[in-house]
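**Q** Have a look at the structure that comes next, please.
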Amino acid sequence: MSWTLIFQHLYLVIMATIGTIVIGLPLGVLAYLNKSFNRLILWSVDILQTLPALALLGVIMVFIGGNSLTVIIGLILYSLLPIVRNTYVGLTNIDPAIKEAATAMGMGKFYKLIHVELPLAFPVVFTGIRIAVVTSIGVAVFGTFVGGGGLGSVIYRGIHIQNMNLIMSGTLSLMAMAIIFDFSMAWIEKKLYQK
């Protein structure tokens with residue numbers, strides 16, 4: 001099996017994770033700050049998560065063609081839920097006494113959000129990022145069906161020619177990647193909760 005495919009898979013996951021954080025974090029903050037958008041945002045990301053991954057990639061492919069960008073956009077949409085929800089939950093569950101103390105010290109809403117609330121919510125937000133990364137590693141397998149490459153192409157080729165060695169090498173590589181990322185991020189997460 002080629003290292004190129006492993007790096008392709010990592011590229012898809014990393015780019016999608018960056019995109020998901022850039023979009024998901026502000027959406028989670030908006031859901032927290034604006035109660036009128038709260039339900040709409042959380043409902044929308046819930047709906048995206050319920051769509052079958054391959055169907056979502058197929059719909060995106062109709063509009064922009066089949067390539068790695070299709071997969072990245074699909075992974076971003078599919079991975080929004082844990083980051084948006086965890087950002088919202090992390091901010092909502094901060095002790096009201098801390099928020100009141102920050103306000104009493106003369107902090108404005110934006111300053112309090114950036115310097116008090118987001119740092120306190122970050123361990124919960126990071127848990128959402130971890131879930132999004134592991135989800136993306138698994139879902140990126142479907143990228144091979146829309147021209148995105150990655151480890152899915154090894155597994156698909158193995159199924160197509162009925163070669164168990166190819167199927168196992170692709171699957172084991174995928175599992176190793178997911179386990180390494182999950183354990184590494186779980187270790188960081190544990191350190192964040194200890195602070």
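Every residue, even glycine, has its Cβ placed from backbone N, Cα and C.
Note that TrEMBL annotation is computational and uncurated.
Pasting the feature list from TrEMBL:
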- 6-185: domain 'ABC transmembrane type-1' (DOMAIN)
- 12-33: transmembrane segment (TRANSMEM)
- 53-78: transmembrane segment (TRANSMEM)
- 120-146: transmembrane segment (TRANSMEM)
- 166-188: transmembrane segment (TRANSMEM)
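Describe the structural surroundings of these features, if you would.
**A** Packing against the transmembrane segment (12-33) from elsewhere in the chain are residues 41-42, 45, 68, 71-73, 75-76, 79-80, 83-88, 90-92, 109, 113, 118, 125, 128-129, 132-133, 136-137, 140, 143, 148-150: each is 6 or more residues past its ends and has a CB under 8 Å from a CB in it.
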**Q** So what's near the transmembrane segment (53-78) in sequence-distant terms, Cβ-Cβ under 8 Å and 6+ beyond its ends?
**A** 8, 11-13, 15-16, 19-20, 23, 135-136, 139-140, 142-143, 145-150
